[in-house]
Structure formats: C-alpha cells, structure tokens
Amino acid sequence: MPRPAGFRANSGCPRVESFYYQAGCLFITLKPTAQKPGALRVAVLRIHVAGLELEHPVMNASGILGSSPEALGRLARAGASALVTKSFTKEPREGYPTPIAVPLPYGLLNAVGLSNPGLEGLPSLVKAARRLGRPVIVSIAGSEPGEFAELAAAAEEAGAAAVELNLSCPHARGRGLELGMDPQTVGEIVAAVASTVKIPVLAKLGLVDRLVEAAGKALEAGARGLVLINTLRAMAIDVYAMRPVLGNRVGGLSGPAIHPVAVRAVYEVYREHNCDIIGVGGVEDWRSAAELILAGARAIQVGTAIVTRGEQVIDEIVKGLENYLNEVGVKSLEELVGAAHKQ
Ligand SMILES: Cc1cc2nc3c(=O)[nH]c(=O)nc-3n(C[C@H](O)[C@H](O)[C@H](O)COP(=O)(O)O)c2cc1C
C-alpha cells in the first residue's frame, strides 16, 4: 500500500508505531501491547454459575478487600470476575478485640468478628461497587430468617447481582456456623430469602457433619448455588504468654491447610446434588483452583492468598488456568467442571 503524504515511521514515542497527517487529521497507529493484568479477555474461561455470567471463574472471597469502594476497585483492576462484599449484618458491628489475625506456617487464623457498618452502610457500598462493571455479590449474615431477608432485600434494591448467605462463620456467636450446622435452619433461612428477592441466592456453608444434607436443604429451599467452604474453627496458643493468641481466643483457619478439606466438601456435595458450586478454601495458584473445578466447582473464590501475596494473584490464577486448559487440550472450562467424578 502506498504510504500517504506526511508518513512518519518514527515519532519518538515508544507506544506509536507510525503516524501521518491527511486532510487535516492526524492518524496514529499504536504498537500492540502486552495484555494488561486484570484485563478481561479470557473467552475460553467464560462460565455461568448460579445465574451469573462470568468472564472467568476467579473472584475474591468475602471478607477480603470487600469493605470499601477503594478495596473493591483494587479487585476489579486485578481482574476479579465478580466482586464479593464483606458480610453485612443488620446492626453495625465493631468486631473482636485485637489481635484479630495471626499468620501461621500453613495458613491464616482470624477472628475479625464480622466488623461492618450494618444495613445502613450496604446501599452506598453496593452502588459504588456496581460502577466497577462486574457482578456484585453481597454477603449477608444474620441470626434469624427475617434478618437475612431484610438484608437481602436491601442488597437487591441497591443493585446486587446475587446475595451470598453467610451460614458458616465459625466464630460469630448465634450467627454463621451455629445456623449452618442444622440443615432445617439452613432451609428456613434460604426459603425466607428466596421468597423475598428475585436475584440468585447463594448459600455459603462450612465444615459441618451434615454438610451434604444441609446443602440439599438449601437447594430445595431455592438456593441457585452453594459457596463451599468457610474457615475452620481453630485456635493457636502463645507458649510464653500461655494463652490463646487471638483476642477472641477462637477463630477461623484459612489458606493452604484447609484446601484438601474444601476439595472434599465440593466433591461430596457435587456428587450428591450435581449443583452450581463456588469453591473456596486455600486456593493460591491455578493448580489448587483446578482441583476445586475438577471436584465440581464452576467458580473459585480466593481469600488468604490475596492477603499474603496481593490481589495480583487473581490474574496469575486466571492465566495459569488458561495455560492448563491449553495443556490438557480442553476448549472450555465447562468441560472440566466435575471431571474428577468421571474417572
Ligand atoms: C480476614 C478474613 C475475613 C473473612 N471474613 C469473612 C466474611 O465476612 N464473610 C464470610 O462469609 N467469610 C469470611 N471469611 C472467609 C473467607 O471468605 C473464605 O471462606 C475462607 O477464608 C477460606 O478461603 P481462603 O483459604 O482462600 O482464605 C474471611 C476470611 C478471612 C481470612
């Protein structure tokens, strides 16, 4: 092609490949750039889960960078496919006395105590998060069905794409795991929320003896999907102070130590119910994410790894999964969901 008048091959600017003037206009050709971390571009990893369409399966776990618009903005820039808020309760909660978290060689022990601004702070955070252009999943925690329903209605009104019911926090008295360990109660809470809102309801369950039964009750009651698992009730003791390290004494263990437990939980629930699951627990690289997907998860949440390595771990996991799919010759992530059950 003949070069137009005024063609210049070198502008001196490193991003400009060539430029020229024609008919009073400046035409610029930019050099192709490497993919920016966080740019959503992974068609092969596109997945549907519980009524949500995601560009790829990787998002943050509740309680991790989910308390402020700035923190959620960091997650969006890091490429999270959905944004999950910190759990909201009806009343504001200050949280537990410090120390609220202690790093361990194999994970993290925390007892934050569900600190949050309460129902009043929910609409403004959700509205700000929506501007970031990703589905916003609002996590809520309560002590009885009516409280969950009220919070879910506020989340829907503010524009949430889904609500995640925290039925599994292991250190919140009268909330969380105390509710989630009783399948009947799980069913009642999910039913109250599902009959109040039209957006998808996700039930987040933790490590309980009757997990498969509780999962079944949640699905029967109208949950579109499950989030498995929360932290495990745990404790660390300072051997010189001779007392528990955490201000609340007991907390929740997360990170690599709980990953095999999460894989087992997802595997058993998927085998019984063949339902939509978001897997969470000790995901720190593409391999641990892939394990949860092969066990039956359609999407993945990342918590502790964001705390210990920064939010860029999200993009590392996404790229790693993409390479893995190419390596094993699979065109779509969909084909891998629950694949470990076929072997
Ligand atoms: C500091 C911290 C705060 C958390 N806060 C919440 C919360 O508010 N609601 C909730 O459902 N889970 C909460 N979790 C649990 C995580 O969402 C996740 O289920 C758990 O940490 C396991 O994932 P991980 O091993 O990737 O961290 C919290 C975890 C941590 C470490």
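Here the Cβ of each residue, glycine as well, is placed from N, Cα and C on the backbone.
The domain 'Dihydroorotate dehydrogenase catalytic' (45-325) scores a mean pLDDT of 96 in the predicted structure. The domain 'Dihydroorotate dehydrogenase catalytic' annotation in TrEMBL covers 45-325.
TrEMBL lists Ser62, Lys86, Ser87, Asn166, Lys204, Ile229, Gly255, Gly281, Gly282, Gly303, Thr304 with the feature FMN binding site. Take the CB of Gly255 (FMN binding site) and look out to 10 A: across all protein chains shown you find 23 other CB atoms. In the three-state DSSP assignment, the secondary structure recorded for Gly255 (FMN binding site) is coil.
Sequence-distant contacts of Ala111 (substrate binding site), defined as residues of its own chain at least six apart whose C-beta falls under 8 angstroms from its C-beta, comprise Tyr96, Ile100, Ala101, His171, Leu246, Gly247, Asn248, Arg249, Val250, Gly251, Gly252. Taken from TrEMBL, the feature substrate binding site covers Lys86, Asn110, Ala111, Val112, Gly113, Leu114, Asn166, Asn230, Thr231.
Per TrEMBL, active site, nucleophile is recorded for Cys169. The number of other CB atoms found within 10 A of the CB of Cys169 (active site, nucleophile), across every protein chain shown, is 28.
Annotation for Asn166 (substrate binding site): spatial neighbours Ser62, Ser87, Leu114, Ser139, Ile140, Ala141, Arg175, Gly176, Lys204, Asn230, criterion Cβ-Cβ under 8 Å with sequence separation of six or more.
Comparing the binding-site residues Lys86, Lys204 by how many other C-beta atoms lie within 10 angstroms of each C-beta, the top residue is Lys204. Following the DSSP three-state reduction, the secondary structure of Thr304 (FMN binding site) is helix.
Lys86 (substrate binding site) sits 12 Å from Cys169 (active site, nucleophile), taking the CA atoms of both as reference points. Residues Ser62, Lys86, Ser87, Asn166, Lys204, Ile229, Gly255, Gly281, Gly282, Gly303, Thr304, recorded as binding FMN, reach a greatest CA to CA spacing of 19 Å.
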